[in-house]
Amino acid sequence: MPDIPTKRRLSNGSVIDNTNKRQMQSSFVPEVEQESDGYLSEDSSDQPIFDMAVAANSNQWQETITKVVKSVVSIQFTHVSNFDTESSIVSEATGFVVDAKRGLILTNRHVVGPGPFCGYVVFDNHEEAVVKPIYRDPVHDFGFLQFDAKSIKYMDVTQLELKPDLAKVGTEIRVVGNDAGEKLSILAGFISRLDRNAPDYGALTYNDFNTEYIQAAASASGGSSGSPVVNEDGHAVAIQAGGSSEASTDFFLPVYRPLRALRCIQESQPITRGDIQVEWSLKPFDECRRLGLTSEAERIARERFPDKIGLLVAELVLPEGPADELIKEGDTLISINDEPISTFIKVDEILDESVGKELKVVIQRGGEEITQTIKIGDLHSITPDRYVDVAGASFNQMSYQVARCYCIPVKGVYINDASGSFEFSTFEKTGWLLETVDDKQTPDLDTFIEVMKQIPDRQKVTITYRHVSDLHTESIQVIYIERHWQSTFRLAVRNDKSGLWDFTDIQDKPLPPLKLEPQNAKYINIPFENEEKQGCASLVKSFVQVRTVAPVPMDSYPYRKEIGYGVVVDATNGYVLVSRRFVPHDMCDIFVIFAESVDIPGKVVFLHPNQNYAIIKYDPKLVLADVQAPKFSDKPLKRGEKSFFVGYNYNLRLVTEDVKVSGISSLNVPAASLSPRYRGTNLECVLLDSKLCQECDSGVLADEDGTLRSFWLSYLGESNCDQTTDRMYRMGLDVTDVLDVINKLKDNEIPVDLRILDAEFSSITILQGRTRGVPQKWINEFEKVCHDELKFLSVERVAAAKLNQTPNPLKIGDILLSVNGSIVKTMRDLKIMYNKPSLDFKIIRSKKEMDITVPTVETTSLNTSHVVFWCGAILQAPHHGVRQLMEKIPSEVYVTRKNSGGPAHQYGIVTNSFITHVNDKETKNLESFMDAITDIADNTYIKLRLVSFDNVPVAISVKTNYHYFPTAELKKNKETGEWKEIEHKEK
């Protein structure tokens, strides 16, 4: 019978069942999707919560609890980075002091974690102490943290004695811990079982095995992981580890092995751990009989162990392990070295003392008793204690934990964070087994390091890999090795003395990129039976595929990789127009692909601030192909006009269709208020009622002779309410709206001096205008000149000015009548703003006609040119998408993103907020922020004052962690447009 769903007891009771991965959402600090609710969760309880049954001996329990709480601590911790089965998290748990003199705290292994750990503990009197991990068991769910005992000055820390032999069925117990994120909660229960198999928390996560678990009904929830399970005398008989998500059942780890490990630490002895890579399961005698246990063997076992109900049976045997081919699944364990076996406890005792030795193992298989001699392996040797960061991804040696889940050999290179160049899937970041890189085998981590050393930067290489959940399927992929943005190539090694992971740089700089050579490509014309459309056949020669890699989550752009199509607007000089959905900013690596054959790098040279397109430049000398720029029309499309659509659909397949323009509309793409980013504004868009066109992210509208009338672009819009998906809009941008820029590009001139009105306008009906005060004489004037739709333009939003700029005189609700003496009918009538320092408007405001002069804003300052990485937060000046949605900017230090597991995450720096002060020193911009943090030492608490996106101020404290999250900057050279990394030496 399968186990019922089980869960860990971490910070907020997040359920980790046997069909889903662990979900760590700390009640201490809200996760990214919770950030809009505030900075920190409220600690609603400063007083102990006594949730226990009142019995006749309640006075005894009261005395016991009074002593126990002085040894129990709340652990606030973070797993800094992905490693092995665990992802980077911030969470909260419980531990208890087991050696007050040495400052040793016992907690769960899934709290200590297999990888980098940072944390502190809070005692009952709210004294705080930094802790470091000194031991995490390779298999069983326990580990030890250590604090400086001298740092606790205002209370006498007591320690709990570990008494595993006092755990009996029927024993009344208390679980004393940080239940459901409360400071202290005391839960009552009775032990109901001592021989439960270890709970299963699912694949690709940590699981305990080869040990009995104690079962009780205490209804513990999140944050209670690591709580002591004490008896009436105040002895710790077990440690809280997990529980059922469908019942009040809790699972406790017996403290036999923690007690042994504690004694080894106290005696400065190594904690040896032996194993033969076999998972055993405790099965009742009736099932053992069905699997081949003889009646005589059962009789002997029942006589030897009258209180036991079964024996250990091999559940799985790992290939290439010490017991491979010697023990089979279904074998019943009888004895080890002539020692009869009935419990996991005895197996652990024997194996832990026999590492490297050969032992005689007796099993029963199919009614036959078999004796095997097996060499005992070292569990620590198959537990990874190092990882490699390179090209934005992280790798470690295959672990026993992962291998056991899928019954595979404990060997190979495991990708614990498939990001950067090794991002195979947006949804699956872990579980990948790397087999070859650049056609070279990578059987282990050291070989992988040597292979990566030989790969030049910007090189495309072929890799093969599998996912451990589907080892039958080998995947092959060409990836781009990027090491100029993410230059880190380092080895991290665990140091149990310091509690840190020591970093060693493997290669300061990658090998330089290989020289590019010209390559041939052949375009195949679009086949048409209709002779009248033969002019459109060669339009395929104007399309190029554009692949974008955005290494830094700048400007709140949600994607790292994008693929779309652009149109060559100048084949002689090498210019491509593409949607800003695919090229959001200029901190990108761009690849331009011709005829799906030739791949050359591109560079962003122009980003239009309103109209949702970017211009990319490539070197035309590197492409030996018949690349053609189309002929561009000088007449705008009109409603009802027929055209021919050529575009690329979701599958990047070329499609065509005859279409009719359904409308020309003045509009703005809806904003993503919870995550502001670039969007098209003040657009005059071509609309089509075509299902096929709405399936295409890129394309063109053309006349039958091939003359281009409109670019078909995709526009990134608002997020759905669940913040998991983004809305995309697909509309046309008339060629005439781009002709001025295209003509400049033909002269190799980049329009860097573009200016805009920093406001958004929307169309309103004549009726709305009349109601809001537009006089009849102006309505008559509009009726004379409007030939398609009668409408006014009204101010919908006014962007917040920068701190050194004068506020825009336009106000929301202003109705535009004329600009520089000409009537404003559509968005196109505002095009004169692009080269004017100011514009003279006649407007209606509050039913009054007035004249105002509105200065325009130069657009080069709208693009981000400075990014700061500090304590896991990514900071920049508020980008244009932010200012468009705000009336006033609190500071020009904007938190655009934060890394999971960093101080920013742990202490509650919220994305989309502004840092206004550091230690009460004002930080108006990034330069003043850098000045404020320069003299702040590592592992130091600092006070930050922040203002949320909704202008709610808050003050928090953040502890710096420069070891794992060093300070760095990226700055753009305004002359060359190149980005340069600036590293900072921390104090």
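Cβ atoms here come from the backbone N, Cα and C positions, even for glycine.
Your range for region 'Disordered', going by Swiss-Prot and the list 1-29, 494-522, is 1-29. You'll find the Cα of S224 (active site, charge relay system) roughly 12 Å from the Cα of H110 (active site, charge relay system). Confidence for the domain 'PDZ 1' (279-364), expressed as mean pLDDT, is 96. Distance between Cα atoms for D141 (active site, charge relay system) and H110 (active site, charge relay system): 6 Å, as a whole number. Here the Cβ of S224 (active site, charge relay system) has 32 other Cβ atoms within 10 Å, regardless of which shown protein chain they belong to.
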